[in-house]
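Colleague: Handing you a structure now.
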Amino acid sequence: MDARDCAAAWWEMVARNLRSIPHSCSTLGRKIAALYNSFTSKPLKEHIFPPLMNMLIFFNFFKAPFLVDLKRPELKIAHTVNFYIRVEPGVILGIWHTVPSCRGEDAKGKDRCWYEAALHDGNPIIVYLHGSAEHRAAPHRLKLVKVLSDGGFHVLSVDYRGFGDSTGKPTEEGLTADAICVYEWTKARCGTTPVCLWGHSLGTGVATNAAKVLEEKGFPVDAIILEAPFTNIWVASINYPLLKIYRKLPGFLRTLMDALRKDKIVFPNDENVKSLSSPLLIIHGEDDNTVPLEFGKKLYEIAHNAYRNKERVKMVIFPPGFQHNLLCKSPMLLKTVRDFLSKQWA
């Protein structure tokens with residue numbers, strides 16, 4: 001090919017590209033118009049409220065305490081190891097395993113394999129499902145883990161997807177899958193040692209969701225403890241302190257419910273407990289202003305009425321002084337939990 005042919009070929013290529021520009025602009029214009037029409041075809045509230053409610057329910061963007069190396073739990077709590085579980089593609093959960101204090105000396109210098117094998121030692125196991133915001137190193141969560149560890153329990157502190165250093169984005173379905181995965185992972189390694197799901201606040205909804213799925217599979221969980229539970233997230237949201245001031249605005253409650261429905265956020269503790277047979281302990285503080293005691297009482301009433309074996313359901317109310325997050329400071333807590341589980345697992 002001589003120089004004249006090369007030049008002709010080059011100009012032909014330029015001409016083709018120039019001819020395609022109007023088509024490309026037209027395609028881009030149609031895409032922009034479609035996005036605009038999609039946005040303007042819905043009221044502004046439908047664009048704002050669902051992501052806003054998702055943010056308020058999970059609050060996972062608030063990753064306090066800050067500057068904590070979650071890979072080094074020994075800096076925050078003794079005889080604890082960090083590890084990760086893959087739930088599904090793109091979702092890896094960060095977990096801290098704290099062994100009972102009675103095994104603290106044995107645990108020194110040991111790796112993850114030793115901790116995993118320790119689940120088979122006969123000491124009961126708690127899978128701890130925390131509430132919204134922060135992560136597994138939050139001070140009130142560490143206090144509870146220490147109390148339980150001193151009481152002879154293994155504790156697996158789970159950060160759901162999107163919390164702490166766990167990957168993925170939180171949804172109700174996703175958090176439920178996370179809890180089921182950790183419970184089944186634990187049961188596969190603990191032999192005959194019993195495993196209890198312990199949910200706090202938002203975690204109570206995760207716990208009962210997971211327990212219901214496992215019950216339907218024919219594998220009811222060994223026990224469930226619900227700390228400061230609500231009946232369902234709709235009722236809890238209406239009474240959420242930050243939202244109470246807006247309740248009287250025209251249409252606000254309907255908008256709130258529509259947003260939760262669009263995000264498929266329900267966490268129906270009140271419906272879930274009707275399907276369960278596992279031993280169920282509800283604990284709640286009298287002065288809990290975040291999730292008022294009336295919700296815990298209502299949930300207990302529903303569960304007690306639904307359970308065939310009434311002795312499997314119990315509620316313990318703690319006196320004022322512990323509010324929403326600090327039942328771990330009550331001298332009654334450990335005895336309450338141990339007495340209930342010992343009787344159920346006898």
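Cβ atoms here come from the backbone N, Cα and C positions, even for glycine.
Unlike curated entries, TrEMBL annotations are predicted automatically.
What you are looking at is a predicted structure, and each value in this text was computed from that prediction instead of being measured.
Reproduced below are the annotations present in TrEMBL:
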DOMAIN    125-246  domain 'Serine aminopeptidase S33'
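What's the neighbourhood like for each of these?
Modeller: In the predicted model, residues of the domain 'Serine aminopeptidase S33' (125-246) average a pLDDT of 94.
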Colleague: For a three-state summary based on DSSP, what are the helix, strand and coil counts in the domain 'Serine aminopeptidase S33' (125-246)?
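Modeller: Across the domain 'Serine aminopeptidase S33' (125-246), DSSP assigns the residues as follows: 53 helix, 21 strand, 48 coil.
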